[in-house]
Amino acid sequence: MVDAISTRLLDSVPDPTDFPPQENAPGLRKLDSTFRCTICGEVFDAPVTTRCGHCFCSGCLRPALALKQECPTCRKSTNEMHIRPNYVMEEAIMCWGESRTYILELIKREKEAAEAVSKAKASQRSHKRKRSGSTSSVEMLDCAPGPSSPRTPRRRQHSPRKHKAVDLTTVPSSDVDEDELSSINLNPKPNQIVPCPLCSKTVAYKDLNTHIDRGCKDFSKEKASETWSKILSKPPNKQKGKQRCYRKHSDSDDEQPLPLASYATLKDRQLREMLGDHGLPTQGDRSLLEQRHQRWVVFYNTNLDRSLPNRKSKSALRQELKKWEETHFKVKKPVVQDAKEHVKTHKSEFSKLVSIARGSQPQITSTIPSSVSPQPMSPG
């Protein structure tokens, strides 16, 4: 079942193998591969060219150069200053996207026509064999059985599969022995859940210092989601205060790409101001703020690499950033390293759950319901 679903999903993904092989359709597979980025494998999105002549998606090349300043194909030294938008390739991709479906439809029609011709030839050959007067008799399974032919066509009987009921057994809860929990781990592991000495909230040991530095305030995913909703629902207002060249809200060709920031020299207040200048959320820890701004710079500059008619609005870019953030910063459940210490920490919660479970059990009584009355005895 899983293999069938995986095969179906793979078949739905556009791929150069959608076209026939080279001997049947020369050049089509190679042409479709030429329009694909060697980093992501997808059709170019905002194609850009390096000084060595290789083409990539702008959103793929910029993060790659941030890690290593060399061409991903030929490994020649390059940087963001050498990136040039390729508008001719962008227009060619748009034309190819329109004609690709049409070409595949023509290939499908040609294949169906060839199959129809082969079936017609096969049926003609079978009719010729019937007319030749051969002694071999052909039984037609669809014919009704006559008196001289007692044989009946076989039929497969499909019986519904019987699914075995899964027996779910519950493990009875037992009280925790105090002697087993007497030993307290004085050297907790990084992922171990410990109570905060100031607010008594449970946090991971590795995040305890950061939690205290924030004044015991955690930026939850719900708060970040609410902030994103407020930002995306606001109508575009006129900017106030100091203006910068890259803060123009008119989608014109005069906009300049955002410069790369040196996050090691920025304070939290400065980083939040930079995010606020672009209408982005300013909540989160230091790592989240840096990655949010870094990804926004990539989205912003990638959008400038598109031709003017194909550029996206600032609100669309913020939507993309929100989706990226939700995908890459999912809240992961902490892994319990020390089971005894975990039970010791949450003993009160476990006891409360046990008492609730015991109180919800129905009480079994042996009394006869009042609605049932004894039947009168008939006189003997």
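Any Cβ shown, glycine's included, is placed from N, Cα and C.
The domain 'RING-type' feature in TrEMBL is assigned to 37-75. Under DSSP, the residues of the domain 'RING-type' (37-75) split into helix, strand and coil as follows: 10 helix, 8 strand, 21 coil.
Under the heading region 'Disordered', TrEMBL lists 118-185 (among others).
Among the features that TrEMBL reports, compositional bias 'Basic residues' is placed at 122-132 (among others).
Marked as compositional bias 'Basic residues' by TrEMBL: 152-164 (among others).
Annotation comment: TrEMBL describes 232-258 (among others) as region 'Disordered'.
According to TrEMBL, the compositional bias 'Basic residues' annotation covers 237-247 (among others).
Sequence annotations record features per position, and here TrEMBL assigns domain 'SAP' to 263-297.
The region 'Disordered' feature in TrEMBL is assigned to 358-380 (among others).
In the domain 'SAP' (263-297), the DSSP tally of helix, strand and coil residues is 25 helix, 0 strand, 10 coil.
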